[in-house]
């Protein structure tokens, strides 16, 4: 096997007992690959390990976990200054793995690891909210956010992405739309939104294609708003992604401003952010990510 530069795997602490992963790493090490492993325990660990990775001179920092872990690692990478910033590799080990699935990362651990180490590094966009918090995949608001943030961890562990839908059906009687106003380049809308999706990536909530036209290297954010007076018909239309549905409003812009008369919550790659005013902007070519050659989210 050809020689490859060293990599550092930042592993979510929930995956430390993953025996197949341990075996895959040992096998690649036996084949001559240098793979450092660090385990996260609390918020801030990923940023410290990215700094350590730079001191070690590795070519790739691999995010081993779900969308939240990918978010933490990618955010730490774009905050690095100087040259020789490592590329991002992705090892999907979370509940839904929405970003990894949509960009075509293999499910098999050994194949995903090899791609993360030796795949072609391509410049991709990220998004930033209120000049502080970032997301690589999607910001979701309204119905979808309350479901994903409130779904019990045990239910997610047992059922994966389906758990979000089940929990949503159980909470139908308490869910209300969010009144807000959204502006962007050549875009303006105000009204009651049941679901808001602002995507750099395409899917969230365990596989739902909220922004099916999104690309991760086009310098744009895709917006989809689901409106309507009734939760269940709108949820069904969300699952079907019916392009002719009058309750679906779409837009594309390099930025969006959102204002609400009351506090609303957005879910940024799994992390909630609450407020009444949000400025969301794209950060073009913010980092390099090792992706498969047939990645469907590249233009």
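Here the Cβ of each residue, glycine as well, is placed from N, Cα and C on the backbone.
These figures come from a predicted structure and were not determined experimentally.
Per Swiss-Prot, the candidate among 16, 34, 95 that belongs to the ATP site alongside 40, 66, 67, 68, 69, 70, 71, 72 is 95. Checking each of the binding-site residues (40, 71, 95, 215, 218, 220) against residue 271 (active site, proton acceptor), the C-alpha distance stays within 10 Å for 71. Surrounding the centroid of the Cβ atoms of 215, 218, 220, where the record places Mg(2+), the chain contributes additional residues within 8 Å, namely 125, 214, 216, 217, 219, 222, 252, 299. Looking only at the domain 'DAGKc' (2-133), the predicted model's pLDDT averages out at 95. Between the two most distant C-alpha atoms of the annotated ATP binders (40, 66, 67, 68, 69, 70, 71, 72, 95) there are 17 Å. When the Cα of residue 40 (ATP binding site) is compared against those of the binding-site residues 215, 218, 220, the shortest separation belongs to 215.
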